[in-house]
């Protein structure tokens, strides 16, 4: 008989009324009630138990401690093996580096594993503590998909808010902080990369001929797949908006650069007569004209000033300046 491993994040039984009964480490595992064992496979003891328990076949063991992070669904009789992805809310990591949640599930047993914490798992555990959680393993699976989707939707909404703030900044004629738009675009693209196969996985899960999945569970899974589809559409819209925003920012930067170059060109044009005349006088082939006249320098400066002023008025009249 198998026993509850010592290194469990959660070890409990569903009581069938929305609550739970905690299982102590080392207690015997029975099929009297649905059981949920949640482990961190980054811990040596938890990984050892996952690799050596008789409750899992070799494919399940490899998946629950593996490195593949792509959403995946495998079926073995009435057993399901899934890899789902959730938004990473850990402070030391980036949200787009999504966390893999690995699940082995059947009518009486749930074994899940991950390496980094997920808010979705905490949400589900809190529901059980409040006597408002899943009633069966099928209900647990649907609720987990639902909470993962809700968290993803919240993050997609926050990205759209960030894009809206950038759009308002650009409309005011200001440039956003360096790298801000590229960070948002990267997050949009990476989140879509994982949510797209997860939508297909949830839709496929709803159609699997599993005896312990009721029609109501299948309907809820289809609703979740539809919500994921809407989030994907929002992500596509966000990518398009960010591309337009990037073009607008590039246009603003080009316009600013061209304006500065134009101003420098006008300034150079104003000094062109002075540069020509001073260079001509500086040749000194036959001596500088008026070198003996004490007023020659100031007269020459007045001539240069008059030429510069006349040129400035001419440029202004032609609306070049």
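For all residues, glycine too, the Cβ spot is worked out from N, Cα and C.
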Per TrEMBL, the range holding transmembrane segment, considering 232-252, 295-315: 295-315
Range annotated as transmembrane segment in TrEMBL, from 192-214, 261-283: 261-283
